[in-house]
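Q: Encoded as structure tokens, here's the structure I'll be asking about.
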């Protein structure tokens, strides 16, 4: 018994003893997200930032020109420090110097990123490296990969890049980040930083949940009173110029901007200036489906958004509608009787009536709209976010719709670390349950940052690098891709340090360490 007690005590003590040094040592020159195909050699080239040049050999445009300048500056900033020794020291594996990257865009540039855009690229690292794509968006992804391949030696005497061939493309075409700017106002500066970080992680959709019950920060030109009475303060607003800047900044980084004005629920802030479009049910609640002015008002807002946001898609919400509110309104109950429908049919009626006014707009809705039997066009994307996600996805897929998956990727659950998020892949989840489904119709997903407990001071560190786990899973994941290994922990250490060096205030991913 005494021996057993001594053994248990020793085990307990040893469990508390940490090995000196970082928990996971950062890798060197590893790409995040991991490429689909990579043939990396132990042989390498040396690299001098001041000697490096990028040569565009075929099609070009302002997006490409700005990207080349941006990445040239970024590389020089990342690796432009003082030398601590000769960069020409040789160990027998050095193949020479890498001084030039030839960029070949084989097709004309598209004006804006779009749903299903081509992001494929090929990158060959040699003395004269070559990046090729048929799309400017593929070139952007390849430039990002190239910037990840460079690394310092341990003694900082050389910058190296290994001989390599990469053939890369995304597993999912929609890789989004939802940012809620209504529960706490998020500044334009932080939004632009978010777009930078998204580009470093090859994410391509910024889902802007701009307004909600708590505040209405969008400054409408037609209805300025919405933000005058609905924003938290006169300076906590987004002007048309702010929105245009976000769209153009995102465009340069191959990121779509999809605005969401959630209806018919989550709309109390609209009522501060326009109570007539909301239902009076012990205070203002849901939008009033019995009032034609409601639909005209909302469609006016969406028409205004169409002049700012070039993307084909709009997210119209449709979640968390408490129909009991409608049941308490004498006006709405009279409307129900006239229509010969039940209160449970009102959400469908509302969304269908609104869609009829949005013309050719392609819509995204939260899963409740589908589950309630709303007549949605087959082009609609259904965003699954609630638990029992397997059954929800099965129903959506069997009905012939496309899925965006978010259930396991809620960043406002601050208890979940990045390796928890990394474990979940929607196609893998569904393949294990029902192999008869068309898994290609799971077109992507979004990781979501709701801001009840997050504000401008901590939003970046709460999102990054946890969202990087989502980014890799949706770029190069899929059925059969393993949960994170110790090497993935080390790769994320390197990537987090890379983001920090670029001005993204990312939190430590794994515990003790340094950059």
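Just so it is clear, glycine is given a Cβ too, placed from its N, Cα and C backbone atoms.
If you look up TrEMBL, you'll see 320 marked as active site, proton donor. What TrEMBL lists as disulfide bond is 61-109, 281-325, 497-515. The feature domain 'Beta-hexosaminidase eukaryotic type N-terminal' is assigned by TrEMBL to 31-147. Residues or ranges marked as domain 'Glycoside hydrolase family 20 catalytic' in TrEMBL: 172-477. The annotation signal peptide is assigned in TrEMBL to 1-16.
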Q: Expressed to the nearest Å, what is the distance separating residue 61 (disulfide bond) and residue 281 (disulfide bond) at their Cα atoms?
A: 55
Q: Far apart in sequence but close in space: which same-chain residues, 6 or more away, have a Cβ under 8 Å from residue 281 (disulfide bond)?
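A: Counting only residues 6 or more apart in sequence, the Cβ neighbours of residue 281 (disulfide bond) under 8 Å are 324, 325, 326, 327, 328, 329.
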Q: Of 320, 497, 515, which is closest to residue 109 (disulfide bond) if I measure between C-alpha atoms? They're all recorded positions.
A: 497
Q: Taking every protein chain shown into account, which of the disulfide-bonded residues 61, 109, 325, 497, 515 has the largest tally of Cβ atoms within 10 Å of its Cβ?
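A: Top count of Cβ atoms within 10 Å goes to 325.
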Q: Long-range same-chain neighbours of residue 320 (active site, proton donor), Cβ under 8 Å, sequence gap at least 6?
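A: Correct list: 265, 266, 366, 368.
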Q: Could you count the residues of the domain 'Beta-hexosaminidase eukaryotic type N-terminal' (31-147) that DSSP puts in helix, in strand and in coil?
A: 33 helix, 35 strand, 49 coil
Q: Mean pLDDT over the domain 'Beta-hexosaminidase eukaryotic type N-terminal' (31-147): what is the value?
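A: The answer is 93, the mean pLDDT of the model over that range.
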